Amino acid sequence: MNHFPKLLSSQIGFDVAQTMLEGFDRHYRIFRDAAIHAKTLFEQADWHGLQKLARDRITSYDERVEECVELLEDEYDAENIDDEVWQQIKLHYIGLLTTHRQPECAETFFNSVCCKILHRSYFSNDFIFVRPAISTEYIENDEPAAKPTYRAYYPGKDGLAATLERIVTNFQLEPPFEDLTRDVGCVMQAIQDAFGVFDEAPNFQIHVLSSLFYRNKSAYIIGRIINGDLLMPFAVPLRHVKPGVLALDTVLLKRDQLLIIFSFSHSYFLVDMEVPSAYVEFLGTIMQGKPKAEIYTSVGLQKQGKNLFYRDLLHHLSHSSDQFIIAPGIKGLVMLVFTLPSFPYVFKLIKDSFPPPKETTRAQIKEKYQLVKRHDRLGRMADTLEYSSVALPVSRLDEALVRELEKEVPSLIEYDGDSLVIRHMYIERRMVPLNLFLQNGNDEDIEHGIKEYGNAIKELMQANIFPGDMLYKNFGVTRHGRVVFYDYDEIEYLTDCNVRAVPAPRNEEDEMSGEPWYSVGPHDIFPETYGTFLLGDPRVRRSFMQHHADFFDPALWQRHKDHLLKGELADFFPYDGSVRFCMRYPERFADAAGAASNEQDAPDAGRSVRAA
């Protein structure tokens with residue numbers, strides 16, 4: 001600080017700091033309560049309840065920030081507090097965090113509140129936490145000894161099978177398991193298939209995070225196996241095989257598999273963490289190289305992830321010299337997109353005006369992005385970070401980009417000395433646009449890209465998402481080869497769409513016409529027409545018809561819509577179906593299959609399953 005207070009003499013400074021910390025503590029209680037409630041909903045197989053819980057939790061943070069801002073304005077006239085007192089407020093707040101279990105998240109909450117009250121000129125480390133002040137290393141859990149951040153198990157004493165069974169039962173889930181002994185045997189077989197027979201080192205042990213990770217219809221056990229110098233990650237998804245009966249679905253043993261389930265294209269996990277930094281540290285050991293910002297985001301602390309990401313961006317800018325440029329690919333009608341080649345993200349701004357045929361507004365587009373944020377993304381829609389008042393050095397902006405910004409988004413930019421301040425933007429992970437992937441790829445790439453594209457849209461359909469504009473340029477290919485949707489301005493709920501077949505032409509003139517000879521309502525969709533803009537390349541057509549010939553059949557789209565209108569939720573697996581135990585080791589499931597067959601033969605079986 002330029003004028004570091006020698007004496008913290010302001011009572012108002014302490015009171016404001018205390019009020020802000022109480023606001024954060026209320027937020028984090030609600031955050032943890034949601035994760036605790038997720039366990040009950042999972043046990044009850046209340047999937048709609050879990051979806052609502054996840055949606056409500058996303059909006060909870062901003063609601064707590066607004067509550068705190070209003071309280072500070074009403075009680076302390078916060079906008080008129082002078083600079084010296086604001087500096088003392090931060091120092092008092094630091095003092096209050098010295099024994100806190102979530103100091104890094106509390107610092108971010110402080111920033112969120114201050115940014116609502118203070119002018120942008122105050123966004124420096126004198127007044128807010130541009131850099132962290134409290135270390136998060138070695139924070140101990142305050143829970144009872146029965147629930148540390150992670151538990152350590154030593155299989156040498158009781159054997160691996162008994163240890164694995166104890167790991168599962170320690171989570172004390174209420175529904176019984178269909179056959180836990182069988183499932184544990186599958187885990188052991190999968191470990192042997194992956195690593196062969198290995199000698200147990202003296203330090204052979206298994207570490208398991210004490211809370212389950214809930215998302216969709218699964219609860220994940222997350223841990224690591226340590227043997228000598230080796231550290232092996234694992235994740236075990238638990239699922240209901242039928243109402244009220246659980247099973248271990250598979251075991252994921254590869255880093256890449258874990259990176260996918262913690263990907264930016266999936267919804268956030270519901271997980272109870274008293275010391276979130278300890279969870280993030282643990283997860284970092286099993287997904288080495290994954291930024292902490294992304295890990296915080298994946299466990300539901302998206303504001304902390306957003307804060308860390310911005311710090312990473314500032315750090316990168318100070319240690320790089322390349323320029324921001326217009327993103328390669330076809331320019332969008334609605335968004336201006338630019339990137340920094342040395343930084344794996346894109347920056348997206350909503351244009352001031354849109355040419356025909358686009359009929360939308362900036363407010364409507366923002367609402368579409370919020371819809372995606374709240375919705376279950378299923379690994380098929382990119383998450384976005386939303387920022388306001390981002391200052392970028394003018395010297396790092398390519399001249400062509402500056403001209404494009406001044407032409408397309410003059411209302412969003414403002415020059416401030418050596419910086420260009422952007423009033424609003426979205427930031428996403430950079431991917432290879434699918435149109436470029438197909439254009440530059442060989443036959444194998446095209447087959448993979450088209451198969452993934454069709455799978456992505458079919459999964460989005462099942463999640464009640466109609467992408468709207470399905471051109472290949474609106475999809476990207478991740479570094480793991482998955483196709484992900486990232487253009488949201490025309491997105492709709494499938495249940496709001498009217499699926500129609502193209503009426504037969506009335507005469508030869510209709511048949512030769514380049515315009516529709518039938519009426520088209522604002523929510524009408526015609527799957528039969530999609531081939532016109534998707535199948536121009538013969539290689540693409542061949543792959544499309546091989547893997548997704550039903551894509552252009554209105555019956556497929558209507559069937560998914562009908563299931564959604566009945567309240568049915570499809571099963572989704574963020575891993576290849578071939579690794580599921582029931583597919584990988586079918587011989588171990590023969591008894592279960594026989595029992596299921598007998599149940600179906602019983603007169604009341606079908607009715608009870610449907611009712612459930």
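Placement of Cβ uses the backbone N, Cα and C atoms for every residue, glycine included.
In sequence order, Lys351, Phe354, Pro355, Lys358 are the residues of the chain that are 6 or more apart from Leu333 (ATP binding site) and have a CB within less than 8 Å of its CB. Taken from Swiss-Prot, the feature ATP binding site applies to Ala327, Pro328, Gly329, Ile330, Lys331, Gly332, Leu333, Lys348.
According to Swiss-Prot, the active site annotation covers Asp383, on the basis of sequence analysis. Under the DSSP three-state reduction, Asp383 (active site) is assigned to coil, being neither helix nor strand. Summarising the environment of Asp383 (active site), the number of other Cβ atoms within 10 Å of its Cβ, over all protein chains shown, is 23.
Annotation comment: Swiss-Prot describes 593-612 as region 'Disordered'.
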| message | Using Cβ atoms only, which residues of the same chain lie under 8 Å from Ile330 (ATP binding site) while being at least 6 residues apart in sequence? | response | Pro433, Asn435, Lys473
| remark: Other C-beta atoms within 10 angstroms of the C-beta of Gly332 (ATP binding site) total 18
| Largest inter-residue Cα distance among Ala327, Pro328, Gly329, Ile330, Lys331, Gly332, Leu333, Lys348 [record-listed ATP binders, Å] | 15
| request: Enumerate same-chain residues with a sequence separation of six or more from Pro328 (ATP binding site) and a Cβ-Cβ distance below 8 A; give 'none' if the list is empty. | output: Pro433, Leu436
| Pro328 (ATP binding site): secondary structure state under DSSP, collapsed to three categories | coil
| From the Cα of Asp383 (active site) across to the Cα of Gly329 (ATP binding site), what is the distance in angstrom? | 20
| Which number gives the other C-beta atoms within 10 angstroms of the C-beta of Lys348 (ATP binding site), all protein chains shown included? | 23
